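According to Swiss-Prot:
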SIGNAL    1-30  signal peptide
DOMAIN    49-129  domain 'IGFBP N-terminal'
DISULFID  53-76  disulfide bond
DISULFID  56-78  disulfide bond
DISULFID  61-79  disulfide bond
DISULFID  67-82  disulfide bond
DISULFID  90-108  disulfide bond
DISULFID  102-126  disulfide bond
DOMAIN    120-170  domain 'Kazal-like'
DISULFID  135-168  disulfide bond
CARBOHYD  159  N-linked glycosylation site
DOMAIN    172-269  domain 'Ig-like C2-type'
CARBOHYD  183  N-linked glycosylation site
DISULFID  193-253  disulfide bond
CARBOHYD  277  N-linked glycosylation site
């Protein structure tokens, strides 16, 4: 015996729920959110596939707005739609139209940056073809052409263009400054400093009241430098081993290149064990002093 036919209302309910999900607009913002927007556009394309492509009437196409990565043709090759931005999901197969196609200067690549050994599946993401920095006509350095084009489309009235390849010339800028700190005699102290500049900056350390560049001839003070962590940056450290009361004072990180100089001070407070016991940690914290361990943890934070 055949089961009784389902009422028409029951058959239509799943379709209505799907349409409600599909047609719900994504949250607004300068850069579209990858998840909801992809689901909406992808399911809309799947629904359209069942109907096939209607005759193309460009005059009936809605003009897309806010396309920071430019425009591409839709699945039927008729109307324009916003292209996908860098970092958004995309269709590896050019003939597919679920996630969408990447914009100008972008290409769809498998992102293998995840931990494949733990079962993470590579995703197809839009990636910029070039990773070379550029100087914009606004005097700002852009990490690559795709970022500059996004900024240009976000601010069309600015007439932003490429001034020249490579970063804009810039005086030094302190990216991560040394922090005020304290410690007990006999312990080690480290100050850190990161400087951005183009041309590259040099870093030196000085102490208020001394005319020499550290470390001088002091065997318990050492300095170290390395490039990075980002391009056109340099990082410097000042280490004082087994601090003494005479080490107390203000130390300065100085960054300079041909276009200028910048500096950032940090104070060191040195306590004897007796002073520490009589003063107490709460009183020290009221002076806005940061212990060495906390200062190091803040310096290791990603500042981008």
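Note that Cβ sites are derived from N, Cα and C of the backbone, with glycine treated the same way.
Just so it is clear, the model here is predicted, and its values are computed rather than measured.
What Swiss-Prot annotates, mapped onto the structure for a quick look.
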{"residue": "56", "record": "disulfide bond", "DSSP class": "coil"}
{"residue": "61", "record": "disulfide bond", "DSSP class": "coil"}
{"residue": "76", "record": "disulfide bond", "DSSP class": "coil"}
{"residue": "90", "record": "disulfide bond", "DSSP class": "coil"}
{"residue": "126", "record": "disulfide bond", "DSSP class": "strand"}
{"residue": "135", "record": "disulfide bond", "DSSP class": "strand"}
{"residue": "193", "record": "disulfide bond", "DSSP class": "strand"}
{"residue": "277", "record": "N-linked glycosylation site", "DSSP class": "helix"}
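Comparing the disulfide-bonded residues 53, 67, 90, 108, 135 on other C-beta atoms within 10 angstroms of each C-beta gives the minimum for 53.
Looking at residue 79 (disulfide bond) and residue 56 (disulfide bond), their Cα atoms lie 8 Å from each other. Taking CA atoms as the reference points, residue 168 (disulfide bond) and residue 277 (N-linked glycosylation site) are 52 Å apart.
Mean pLDDT for the domain 'Ig-like C2-type' (172-269) in this predicted model: 96. Look at residue 82 (disulfide bond): DSSP puts it in a strand.
Across the structure, residue 82 (disulfide bond) and residue 102 (disulfide bond) are spaced 9 Å apart at their Cα atoms. For residue 159 (N-linked glycosylation site), the same-chain residues 6+ apart in sequence whose C-beta sits under 8 angstroms from its C-beta are 137.
Distances between the Cα of residue 56 (disulfide bond) and those of the disulfide-bonded residues 102, 108, 126, 135, 193 are shortest for 102. With residue 53 (disulfide bond) as the anchor, the candidate recorded positions are 78, 135, 183, 253, 277, and the one with the nearest CA is 78. Nearest neighbour of residue 90 (disulfide bond) by Cα distance, taken over the recorded positions 67, 183, 253: 67. Around the Cβ of residue 253 (disulfide bond), a 10 Å sphere holds 25 further Cβ atoms from the protein chains shown.
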